[in-house]
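All remarks here apply to the structure that follows.
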Amino acid sequence: MEELEQGLLMQPWAWLQLAENSLLAKVFITKQGYALLVSDLQQVWHEQVDTSVVSQRAKELNKRLTAPPAAFLCHLDNLLRPLLKDAAHPSEATFSCDCVADALILRVRSELSGLPFYWNFHCMLASPSLVSQHLIRPLMGMSLALQCQVRELATLLHMKDLEIQDYQESGATLIRDRLKTEPFEENSFLEQFMIEKLPEACSIGDGKPFVMNLQDLYMAVTTQEVQVGQKHQGAGDPHTSNSASLQGIDSQCVNQPEQLVSSAPTLSAPEKESTGTSGPLQRPQLSKVKRKKPRGLFS
C-alpha cells in the first residue's frame, strides 16, 4: 500500500460543492485500489482499500453487475476526475454525503452499461499522523517557503532602490512623475500589511481560496517531503523511484476493458480507455530569470 500512500500525499486538494455542504478532497486511484482523504475543515476522514474490498463492496451494491475490480476502479476514476479536476465539466454521477458517528459516507450514483451503478466511500476519522502528513507539515512548509519568497522580494526591492539612487546621483531625472516611488521600507510595509491586508488575506472561508491559489506550492512541498523521505530510507534516486512507483491509474488502467456481465441476457459493456485521476506528476522546476536592462524611465 506504500504506492497509494505516497500517491495520495502528492495529489492536490480539490473543492467539492455538494448539496449538503462543501468539502476538500484528494484521491489517488490505481489498478490495485484507491486512497481518499476528505475534510470539512473541522475533521478529516480517510479511506484506503485494495482490490478485495472493491470486489466485495461492488457485489453488495451492484448485484446485477459483474466485473474485475480494476474495471470498477477505472469507472470510479472516470466519475471522480471531472469532480476533482475540472469543475467546468461536471461529473455524470450524483454525489451526496452523510456523517454517521465518526464516519463520513460519500455516496455515488451513476450508470454503467445502461444499468445503475452505486458506490459508497466509507471514510473513517483520519489518524493524527495522517493529518500531520497531509496538512500540518505541508502547510508549515508552505509558510516557510512563502516567508523565504517575501525576503527574496524585499532584497530585490532594496537592490532596485540602490539602482534608482545611482541613476539619480548621475543626474538622471524621472520623465513620468506618476512612476515615482519612495524607497522601500520593509518594516513599514509589514506593519501596514498586518493592519490593512491581513484580515482579507487570511479569510479561509470554505477552503476554496486555498484550493484555487496554492495547490502548485502544496504539491511542490509534498513532493519534496516524499523525496527527502526516500533519501532517508536509502531508496536510491528519488526521481527514479517516483517515476516508477507513482504512475497511478494512467499506466495501469489504459486500455483496461470493463468486461461487465449483467444478469440481463446478452448485455456487454464497451471497452473503455481511462486515464488516472492522478497522472504522472511534474516536479516543480526553478529556472533562472534573466534580468532585463532598464527601460529608460530616467533621462
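Glycine is no exception: its Cβ is also placed from the backbone N, Cα and C atoms.
Just so it is clear, the model here is predicted, and its values are computed rather than measured.
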Out of Ser52, Ser91, Ser203, which one does Swiss-Prot list as phosphoserine?
Ser203
Have a look at Ser274, Ser278, Ser287 and find the one that Swiss-Prot tags as phosphoserine.
Ser287
Have a look at Ser170, Ser245, Ser262 and find the one that Swiss-Prot tags as phosphoserine.
Ser245
Which residue does Swiss-Prot record as phosphoserine, given the choices Ser55, Ser132, Ser188?
Ser132
Candidate set Ser110, Ser251, Ser268, residue annotated phosphoserine in Swiss-Prot:
Ser251
Which of the listed positions, Thr94, Thr173, Thr266, does Swiss-Prot note as phosphothreonine?
Thr266
Across all chains shown, how many C-beta atoms besides its own are within 10 angstroms of the C-beta of Ser203 (phosphoserine)?
8
Do you know the DSSP helix, strand and coil residue counts for the region 'Globular head' (1-135)?
44 helix, 57 strand, 34 coil
Mean of the pLDDT scores, which run from 0 to 100, over the motif 'XLM' (289-299):
47
What's the number of neighbouring CB atoms sitting within 10 A of the CB on Leu115 (site 'Leu-lock')?
15
How many whole Å apart are the CA atoms of Ser132 (phosphoserine) and Ser203 (phosphoserine)?
22
